[in-house]
Amino acid sequence: MRVLGFESSCDETGVALVDVQPQGTPTLIAQALHSQIDMHQAYGGVVPELASRDHIRRVLPLTRQVLAEAGMALSEIDVIAYTRGPGLAGALLVGAGVAVSMAAALGKPTLGVHHLEGHLLSPFLSADPPEFPFIALLVSGGHTQLMRVDQVGSYEMLGETIDDAAGEAFDKSAKLMGLPYPGGPHLSRLAQDGDERAFDLPRPMLRSGKPDFSFAGLKTAVLTQIKKLGDSPEPQQLADLAASTQASIVEVLVHKSLLALKESGLKRLVVAGGVGANAKLREQLNKACAKRGIRVHYPELHLCTDNGAMIAMAAAMRLQSGQAQLEQGGAFDVKPRWDLSLS
Ligand code: ATP
Ligand code: MG
Ligand code: FE
């Protein structure tokens, strides 16, 4: 069975084709991605209306590219999946509209996928896929959650951020340091030349004893330090601040992941979402988990941020496990706000 998947929840248009058999991990046949980062950079963040319009421009050429790479015709697709939510309403409507109308024309069913389920299952696209059950650390631009995952479709929320997400903490701190949007990767690069002990930044909720997070206070602490540095800070001071900020976020993420692992007794951690690409986070998690006999799985680096492959993959795994509520008939809705544990 072949699943075509569309991702358009924010500022990446992704299309991918996945093959799913009754048994074994589904495999990626082809994928194409267009990031709108360059377009939004001038505004310092995502402009929703521009995002929707650009998805419209990109989605069909990307689909043709995927089919050409796969050497397949649209008629050879069995199910069309799309991101139903959460995300920007207008952006979601583009992917959903294209998926549902294409499926109606072909007489094929559609499947609306939860964007976070896509992130969560993206490590199954790697050469070394995890096994169930596991603890998942989902760290993206809009979410920071720890979950217990027993199987496809069984997502128990253990804790989440009460304010900003980890990706947001990276992006907002980076913005204060004058770095381009999205700041996470830029801050991480700047941090390579910095001393992470140079600034004493808070580790919010580190000792709360629960797997929950708060990052809004960190951003305020970074702002305070920036103000102290004055109008023209030395490059080294900024590198030190970047390293200290990253160290604070990473320490909290590692500590809370270990807490969730310990409380569950599970020995497997799956990291997903854009911040999962962060080298410092990977290094610290690998070190802490190796010491405790815990295996850590990550998505491939290029699949940490939004892409179509993870949406097609989540749909494929839902189909394979008999949990896909396929739809037919041309009607659809999107869910800009949607809790994964209720999906
Ligand atoms: P959500 O999935 O919650 O709706 P999103 O789709 O915008 O949000 P992702 O695409 O998963 O989020 O990830 C984007 C985030 O990941 C941004 O905040 C970005 O700065 C961050 N990010 C990407 N690479 C890195 C990195 N190397 N270090 C730190 N942060 C990073
Ligand atoms: Mg993005
Ligand atoms: Fe995302």
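Using N, Cα and C of the backbone, Cβ positions are placed for all residues, glycine too.
Computed from a predicted structure; not experimentally measured.
What TrEMBL records for 28-312 is domain 'Gcp-like'.
Note: Asp306 (Fe cation binding site) has non-local neighbours Glu7, Ser9, Cys10, Asp11, Glu12, Gly14, His115, Gly274, i.e. same-chain residues 6+ apart with C-beta under 8 A of its own C-beta. Sequence annotations record features per position, and here TrEMBL assigns Fe cation binding site to His115, His119, Asp306.
For Leu138 (substrate binding site), the count of additional Cβ atoms within 10 Å of its Cβ stands at 25 [all protein chains shown]. For the recorded site, Leu138 (substrate binding site), the DSSP three-state label reads strand. The substrate binding site annotation in TrEMBL covers Leu138, Val139, Ser140, Gly141, Gly142, Asp171, Gly184, Asn278.
When the binding-site residues Gly141, Gly142, Gly184 are compared by the number of other C-beta atoms lying within 10 angstroms of their own C-beta, Gly142 comes out lowest. Less than 8 angstroms from the CB of Val139 (substrate binding site) sit Ala165, Ala166, Gly167, Leu253, Val271, Ala272, Gly273, Gly274, Val275, Gly276, Leu281, each of them six or more residues away in the same chain. With a cut-off of 6 Å between Cβ and the nearest atom of ligand 3, the binding-site residues Ser140, Gly142, Asp306 reduce to Ser140, Asp306. For the binding-site residues shown (Ser140, Asn278), fewest C-beta neighbours within 10 angstroms: Ser140. Across the domain 'Gcp-like' (28-312), the model assigns an average pLDDT of 98. Packing around His115 (Fe cation binding site) is summarised by its Cβ count: 27 other Cβ atoms lie within 10 angstroms of its Cβ, all protein chains included. Of all the binding-site residues given, namely Leu138, Ser140, Gly142, Asp171, Gly184, those whose Cα is no farther than the 10 Å limit from the Cα of His119 (Fe cation binding site) are Leu138, Ser140.
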